[in-house]
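Quick look at what TrEMBL lists:
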type     : residues                                                       : note
SIGNAL   : 1-20                                                           : signal peptide
DOMAIN   : 20-56                                                          : domain 'CBM1'
COMPBIAS : 62-90                                                          : compositional bias 'Low complexity'
REGION   : 62-102                                                         : region 'Disordered'
BINDING  : TRP151, ASP153, HIS283, TRP286, ASN322, TRP382, LYS410, GLU414 : substrate binding site
ACT_SITE : ASP192                                                         : active site
ACT_SITE : ASP238                                                         : active site, proton donor
ACT_SITE : ASP416                                                         : active site, proton acceptor
Amino acid sequence: MLRTSTLSALVFLLPVLTRAAQPLYGQCGGVGYSGDTTCVSGATCTVLNTYFSQCLPGAATSTVPNTTPNPTTPTTPTTVTQGPTTTLSTVAPNPTWTGAPPAVSGNPYTGYTVYLSPYYAAEVDAAAALISDPTLKAKALKVKDIPTFTWFDVIAKTPDLGKYLADASAKAQASGQKYLVQIVVYDLPDRDCAAYASNGEFAIANGGEANYKRYVDQLVAEIKKYPDIRIVAVIEPDSLANLVTNLNVSKCSGAQNAYKNGVIYALEQMSSVGVYSYVDAGHAGWLGWPANLTPAAKLFADIYKAAGSSPFIKGLATNVANYNALSASSPDPVTQGNQNTDELKFINAFAPALRSNGFPAQFIVDQGRSGRQNIRDQWGDWCNVKGAGFGMHPTTNTGSSLIDAIVWVKPGGECDGTSDTSAPRYDTHCGLADAHKPAPEAGTWFQDYFVELVRNANPAL
Ligand code: BGC
């Protein structure tokens, strides 16, 4: 039992403690959070998802209310800041949509300059400012010149797409180059059904399918304003792969129809406005197992056909947010038992199966965090794996006619999931021995991990 004098000292201290502003990248709101909601000077409390608001670099455009929203009853926030504040150039949106140009038959990246995400650039700038070693800082800053996908992981971020497209459009006009913006569509209801770390804002039991359509429609509305900008989208990481291997998990079996309907809707709508889509297809250590390849090929081909076999549905994205090599010089020991030991072997085995099911899929492959191999205790370890490094840089010079581009989809430095065992989205994978700890919430900035990726980059930055 506490002595009275200790108690009164605590009571005296409390107001002082709660007044301290949260540091850059500190938590400042979200489900279950009861701490300080203000940020140090130069940072703004920004809603990243219903579970987490974070102090991100930049001046406030509005304040985030100190609420803990119910994750199952999302609203459309209209007053939140969306990530680091950066000044973007702009052009007037196209007043009337006159339809998408026909799909190109070849590689959609050919002839295009890939837009650099200002959101990520601001994260990297702020991260580099915290690094004192000048050599390491210079290396860190190079990352912002490497194109990385922008994730739309909550409906509140959809208006930002218009801002990025306007900025890309202005850059295209100023330079005479054609611009391509890379996005991730990631807001299915009952998201991340076999894990906890990235559970999303929409619940199937609470209008999730309709909310998801509204989310897709809002992206489409922004895209229609800038028909001069080409867009490549990765569609719904982990979703269909979970339907191949995780139907024993009740949340996944319960989400089956919503996931299929949602992905088909996203593909149809993206195709209708000329977006080139690559549906997420797990990785070699997931769907690459021989027993999974055949059912996976059927599922992905069925979805492709149900979405109208549009020529804008280019194919599949693999290794998103994972660590596999494109082509390993020697197999990582954790791959034992599977002949498809890297992404190229997986793709070479998967593509013919997809083709025989009627889906002539091309591929893009995430290599953003694949610079160092043999770092996992198990192939299935996915959360902030220790010792990872930035990998091969994005290129269309892929060495494989099946692979349109090597890309960076997961923004290196954004977290995979919290290691806080008491958090609602704690997943045991984020507490494993090979997971970097302590880790903040999924999608939020993880400074130590970013520094590790920079240090271990291969090729070196
Ligand atoms: C998180 C998202 C985030 C994405 C990219 C996912 O694991 O759930 O919130 O946008 O990673 O960092």
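Placement of Cβ uses the backbone N, Cα and C atoms for every residue, glycine included.
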**Prompt:** Using DSSP, would you call TRP151 (substrate binding site) helix, strand or coil?
**Reply:** strand
**Request:** Take the C-alpha atoms of ASP416 (active site, proton acceptor) and TRP382 (substrate binding site) and report the distance between them in angstrom, rounded.
**Result:** 8
**Prompt:** Just checking: which of the recorded positions ASP153, ASP192, TRP286 have a C-beta under 6 Å from ligand 1?
**Reply:** ASP153
**Prompt:** Which whole number of Å gives the largest C-alpha distance between any two of TRP151, ASP153, HIS283, TRP286, ASN322, TRP382, LYS410, GLU414, the residues noted as binding substrate?
**Reply:** 23
**Item:** Same chain, 6+ residues apart, C-beta under 8 Å of the C-beta of ASN322 (substrate binding site), given in sequence order
**Value:** HIS283, GLY285, ASP366, ARG369, SER370, TRP382
**Request:** Go through ASP192, ASP416, the listed active-site residues, and name the one with the sparsest Cβ surroundings, counting other Cβ atoms within 10 Å.
**Result:** ASP192
**Message:** Between C-alpha atoms, which of these binding-site residues comes nearest to ASP192 (active site): TRP151, ASP153, TRP286, GLU414?
**Reply:** ASP153
**Asked** In the domain 'CBM1' (20-56), how many residues does DSSP assign to helix, to strand and to coil?
**Response** 0 helix, 17 strand, 20 coil
